[in-house]
Amino acid sequence: MAAPTQRLLWRQLTRATSRSASRSASSPCLRLTSTSPASAFARTSKASSPPPEGSNVKFWPFVVIIVLGSLGYTFLVTRRAEMPAIDAPKKADALGAPPKSTPTFSADDVTVVFVLGGPGAGKGTQCANLVADYGFHHLSAGDLLRAEQDRPGSQFGDLIKDYIKNGLIVPMEVTVQLLENAMVAAIDSSGKGEIAGKKGKFLIDGFPRKMDQAHKFEESVCPAKFVLFYDCPEAEMERRLLNRGKTSGRTDDNAESIRKRFRTFIETSMPVVDYYEKLGRVIKVDATPKPEDVYKDTQKQIAGKGI
Ligand SMILES: Nc1ncnc2c1ncn2[C@@H]1O[C@H](COP(=O)(O)OP(=O)(O)OP(=O)(O)O)[C@@H](O)[C@H]1O
Ligand SMILES: O=c1ccn([C@@H]2O[C@H](COP(=O)(O)O)[C@@H](O)[C@H]2O)c(=O)[nH]1
């Protein structure tokens, strides 16, 4: 080490050591023992003066500090790796997710239509019409998450509450499993492996909101037929949500949460729409007009799509 650097380090260390030594004199908790490296330094640096050029300075305390620091760091990193992450996929296993590589349902047996659009675009409103006229079974990802959040004993309750309030996307394992469970339950409760005399037809509302969800669902649950995308300007969606917030009781129908939801929609969910658009699998409907007109347009656009 160059001599000036040596002297600088020495000065800094002896200054720190003498400060801590003087504190220890008045505090019973901070006492330097005769065997500690710091006290050794305090003793060897009586005059607190830098060593003369070329003096035989002991550097073993530096080595001890570096070695102890490295060991501590390695220990913390190892502990961190062993700790379960808050969104660890393992948690979803508690919902009954068996690892698999083929979808639970074939697209030949079950029709899945994803319904996307910004918060407040009117997805739920249009889904209600489609259920009435086309015999769809409606599954809203947001509703399923809220139900799981409120389910007594749910280990995901707090996590979901937090994500929804902040307009964030709940880790996909949770949502995909809730959807699959709901599809299985709907088909089972029909008693014939069918719904309303038809093969299962599902409108999956407000999903997939993130690319990983889209892949996971199509790979492990069911390939989707197409995406129904309700396109609406942000100002109109905000107006609708603030209005709905007067009575909905939803924790995320307030100005702050709405802002966060819009950001998530632009940054995370629009890429999903763009992805399906590139594949030619999106039916886009202008959601700005009044609900009846939006529905008429929806019907026109899905005509001949085999549903
Ligand atoms: N075309 C429309 N014109 C005016 N208001 C509408 C229209 N469609 C729905 N609304 C109203 O806007 C609010 C939001 O609609 P809706 O709940 O259907 O939206 P959403 O897209 O499902 O919302 P979120 O994603 O937040 O669940 C509701 O109060 C609804 O009555
Ligand atoms: O796939 C999903 C869908 C929804 N969420 C969370 O739920 C809220 C509310 O969803 P709505 O469709 O508006 O009812 C949404 O803001 C997300 O926080 C999700 O995490 N994953």
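Just so you know, glycine gets a Cβ as well, placed from its N, Cα and C.
Taken from TrEMBL, the feature transmembrane segment applies to 59-77.
The ATP binding site feature in TrEMBL is assigned to Gly120, Ala121, Gly122, Lys123, Gly124, Thr125, Arg244, Pro289. Classification of Gly122 (ATP binding site) by DSSP places it in coil, neither helical nor stranded.
Secondary structure of the region 'NMPbind' (140-170) per DSSP, as helix, strand and coil residue counts: 19 helix, 1 strand, 11 coil. The region 'NMPbind' annotation in TrEMBL covers 140-170.
Among the features that TrEMBL reports, ribonucleoside 5'-phosphate binding site is placed at Arg146, Leu168, Ile169, Val170, Gly206, Phe207, Pro208, Arg209, Gln213, Arg250, Arg261. The DSSP secondary structure for Pro208 (ribonucleoside 5'-phosphate binding site) is coil. In sequence order, Phe114, Leu116, Ala214, Phe217, Val272 make up the list of same-chain residues 6 or more apart from Pro208 (ribonucleoside 5'-phosphate binding site) whose Cβ falls under 8 Å from its Cβ.
Residues or ranges marked as region 'LID' in TrEMBL: 243-253. Within the region 'LID' (243-253), the DSSP-based counts of helix, strand and coil residues read 6 helix, 0 strand, 5 coil.
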Gly120 (ATP binding site) to Arg261 (ribonucleoside 5'-phosphate binding site) - Cα separation in whole Å: 10
Per-residue Cβ crowding (10 Å cut-off), top of binding-site residues Thr125, Gln213: Gln213
Spatial separation of Thr125 (ATP binding site) from Arg146 (ribonucleoside 5'-phosphate binding site) - C-alpha basis, Å: 18
Cα-nearest neighbour of Thr125 (ATP binding site) within the listed binding-site residues, Ile169, Gly206, Gln213, Arg261: Gly206
Same-chain residues at least 6 beyond the ends of the region 'NMPbind' (140-170) whose Cβ lies under 8 Å from its Cβ atoms: 86-87, 91, 94, 119, 124, 127, 178-179, 182, 204-207, 209-210, 213, 251-252, 257-264, 268-269
Fewest other Cβ within 10 angstroms of its own Cβ, chosen from the binding-site residues Gly120, Gly122, Gly206, Pro289: Pro289
